[in-house]
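Colleague: Would you mind keeping the following structure in view while I ask a few things?
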Amino acid sequence: MRHLLSAGDLSRDEANLILDTAEEMRSLADRPIKKLPALRGRTVVNLFFEDSTRTRISFEAAAKRLSADVINFSAKGSSVSKGESLKDTALTLQAMGADGVVCRHGASGAPHLLATSGWMTGAVVNAGDGTHEHPTQALLDAFTMRRHLGSLDGRRITIVGDVLHSRVARSNVLLLATLGAEVTVVAPPTLLPVDMSRWPCTTSYDFDAVLAKSDAVMMLRVQRERMGDAYFPSAREYTRRYGLDVHRMAQLPENAIVMHPGPMNRGMEISAEVADSTRSVIVEQVTNGVAVRMAVLYLLLSGSNESTEEPPA
Amino acid sequence: MTAYLITGAKIVGGEVADLLIDNEEIVAVGTGLQAPADAETIDATGLIALPGLVDLHTHLREPGREDAETVHTGTRAAAVGGFTAVFAMANTDPVADTAGVVEQVWRLGREAGYADVYPIGAVTVGRQGTQLAELGAMADSAARVRVFSDDGDCVWDAALMRRALEYVKAFGGTIAQHAQEPRLTKGAQMNEGALSGVLGLTGWPSVAEEAIIARDILLNHHVGSKLHICHLSTKGSVEIVRAAKRRGLDVTAEVTPHHLLLTEELAASYDPVYKVNPPLRTKEDVEAVREGLADGTIDIVATDHAPHPVEDKDCEWSAAAFGMIGLETALSVVQHAMVDTKLLTWADVADRMSYRPAAIGQASDHGRPLEAGAPANLVLVDPAAQRTIVPEQSTSLSRNTPFAGMTLPGQVVATFLRGTPTVRDGKPVR
C-alpha cells in the first residue's frame, strides 16, 4: 500500500490489517499519555481545498498522536485562491519535504492525480474527493460496525440517502463488500447513479421494506439545495419517504445500530430523537476516526510495511 | 513552378499508376508516364495516393488563443496529417460571427499556405444562442462561408434552430449542430453510465445528444434545408440517423477519430487528456459508430482537432478543458480502426475523408477524384509504416493527444496543395 486513494484498492487482508492496527491505536486513547513516537521526524501535510474542519482535526489529531510534524494547508486562505494550480501546490509540498499528504478536494480524482502525476513522491491519503470517495470514512465506519456487530461477514448494511453525490457511500459500498457484508443502498431513483451495475450492492427505493433486514443503517447527509435541481420535490417529502425517525427505528432488529458520517441535518434525513438514541453510534464514529486515521498514517508512513514497493523516503 | 512525376502509387489503394502534376493540376494519370525535362520524379512504390483530405471540423484557435494554436501551426499540422483543406470552427475570441472575423481567418489561411482554410461562421451572435449572427454577410464575404455552427455549444432553442436552418437556404448554407441538450448535461464530465457513477464524475448521457439529433432532423425535414451533425458519438445517434436516411430525410453526420477508437474506460485514470466533448463512450458505441461509418449512415470523419495549452490539461479533471488534438493522427486512426479491420477500403477512406466532407462544405477545389484536370490536391501514404505517437513531436502547437504512446499504422509521406508540396518525407516543407 503506497497511497490510500480508493477503498476499492484495499484487499480484505489490507483492510483487516488497518482495522486491527486501529484497535491498537484505539486502546491508546484510554491511556493517560495518548502519544506514540512512531512517526517522529515525518511531516504530514493536511491539504484541504474544501472546508471540512472535522475531518482535518481528525487527521491532525491522528498525526500528532503519532508524533509527526503536521502542517495544515487550507486552500481557502492560501495561494490557491489566488489561482495557484494543484500542480504548483504539489511541487511546493514536495520542495518542503512532505512525507504524507492528506488531501481533501472538491474535484473527483484530485488525490489520484497527486499520486500519479509525478509532481510529488509522498504518500497520498484521500480525505474526500468530489463525489468520488472518502476511504478513511469507510474504514472508520467499518471499524465502528465491527466493534458492535463483530465480523462483518454476512452482515446486512443499509445505506440511505444521496448516493449519487456521496463519496461516503461509494467508499463504504466498496469496503463493506470486500469485508463480506451484504450492502443495500436506498434512495429515491433520482439520487442513485443511473447505472449501478458496477457497484457490489443491491438497491432499493423503499426504505421501509429493508428496515427489518438491517444490522446497521447509515444515513447520508442530504443537501437541501438538491431540491432546486428537482432531485426531490421537498424536504418534507424526502423526510417522509427516506428519513429515519423513531417509528422506522422501531422496525430495526434489536441490536441494529444507527450511523451518520456527519454533519447531520437533524429533522431532514435523521430525527433528533434517533440521532441521540442509544442505538446511535454517531459520536463514537468520530472517536474511532482518529484511531483509524492513525492506523492509516502509521501503515503508510512508518516504513515497516513489507509489501511497500517504494518505501516512503 | 516545379512539375512532379509520382511513379508507382496505388491510386486510392487500387491500380498502380503514375501521376503527373504540373501548373497546380493533375495533368495525367496512367502507366509509363514520361517526366518532362524540368519535372522532379518521386518514387511512390508501395505508397497509396489519396485525394487531399478535408477536415470539416478543426479548431485553429486564432484569433484569441494563439497560445494553443494559430492558423499557421494548425494548418501545418493539417498538412502533416494529409489534409489540404480545413474548416475552422467559429469558437474563437472574438467569435467568428461577423464578416470581418471570418475574412481574417480566411486571409491567415491563405498566407500560411499549408491548407485551404474555410472559416465556419457562428450561427448566433457570440455563440450565445439568442440572436442569429449576420449569416448572409459571412456568406457574401471574401471567405464565402457556407457552413455555420455554434460548435462548443448547442443551438438548443428549437425556434432559433428552425430559423437558422430556414435562413441559410437563401445561399445554400448548412447548419452544423453540436448536439448537446444543455439542461441534461449541466456540469457533465464524462459519459454517463456504470463507470461515471463509480468515478464520481458527472455524467453526460447519450440521450442529451440523441434528443437534439432527432429534433433537428425533424426540424430540417419541415423546412427543407441542410443539416449536418457534428461529432456523433453514440449508438443511439447512429440508429436515429440511419432510420432518418432510410425514410429519405436529409442529414449528414460526422464521427471523430477518437470516437472510432477510444472508450470511456480511459477516464478512470483521471488524466484530463481523455476529457473531450462529447465524451468518450462505451465499447458498444465505438462498434456502432464504426458500423455507421462503414454503411454510410455517418458520412464523414472529422477530427474536432481541439488544441489546448499544457496548463489547461495539467490539472484536476473537472478543471481541465475539453478536447484533444487529432489532425496528425486522423488517417492513422482511421486505417487502424476501419481499414485494417476491413470495414472500409482505401477508396472508402477517400470518400469519407475527402470527397464527402468537401461536398458538404462546398469546397469545390477539394475532394476531387485523382484524374487529369483536377486540382493537384493529394496525399501519399505509406500504409505499411508503424509509428508510436509522441506528443512532443506534434506539429501542432499543442500536445494534448490521447494517442500518446500508442503505435498506429500508416504514415503520410507527402502532401500536395495545388501542385506544391506542403509535406515531403513526412515533414512539413517549410
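Cβ coordinates come from backbone N, Cα and C, glycine included.
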Colleague: Which candidate from B:His72, B:His222, B:His228, B:His231 does TrEMBL annotate alongside B:Asp151, B:His178 at the Zn(2+) 2 binding site?
Modeller: B:His231
Colleague: Looking at TrEMBL, which one out of B:Asp304, B:Asp312, B:Asp314 binds Zn(2+) 1 in the same site as B:His57, B:His59, B:Asp151?
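Modeller: Record check against TrEMBL: Zn(2+) 1 site with B:His57, B:His59, B:Asp151, extra candidate from B:Asp304, B:Asp312, B:Asp314 is B:Asp304.
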Colleague: Between B:Asn91 (substrate binding site) and B:Asp151 (Zn(2+) 1 binding site), find the distance joining the two CA atoms and give it rounded to the nearest Å.
Modeller: 7
Colleague: Taking each of B:His57, B:His59, B:His231 in turn, which of these binding-site residues have a Cα lying within 10 angstroms of the Cα of B:Asn277 (substrate binding site)?
Modeller: B:His231
Colleague: If one measures from the C-alpha of B:Asp151 (Zn(2+) 1 binding site) to the C-alpha of B:His178 (Zn(2+) 2 binding site), what distance in angstrom results, rounded to a whole number?
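Modeller: Distance between the two Cα atoms comes out at 5 Å.
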Colleague: Closest of the binding-site residues to B:His308 (substrate binding site), Cα to Cα, picking from B:His57, B:His59, B:His178, B:His231?
Modeller: B:His59
Colleague: An 8 Å radius from the center of the B:His57, B:His59, B:Asp151, B:Asp304 Cβ atoms defines the neighbourhood of the Zn(2+) 1 site; name the other residues of that chain inside it, in order.
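Modeller: Other same-chain residues with Cβ inside the cutoff are B:Thr58, B:Met89, B:Gly152, B:Cys230, B:His231, B:Ala302, B:Thr303, B:His305, B:Ala306.
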Colleague: Could you measure between B:His231 (Zn(2+) 2 binding site) and B:Asp304 (Zn(2+) 1 binding site) for me? Cα positions, answer in whole angstrom.
Modeller: 7
Colleague: Average the pLDDT scores across the domain 'Dihydroorotase catalytic' (B:48-236) and report the rounded value.
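Modeller: That region's mean pLDDT is 98.
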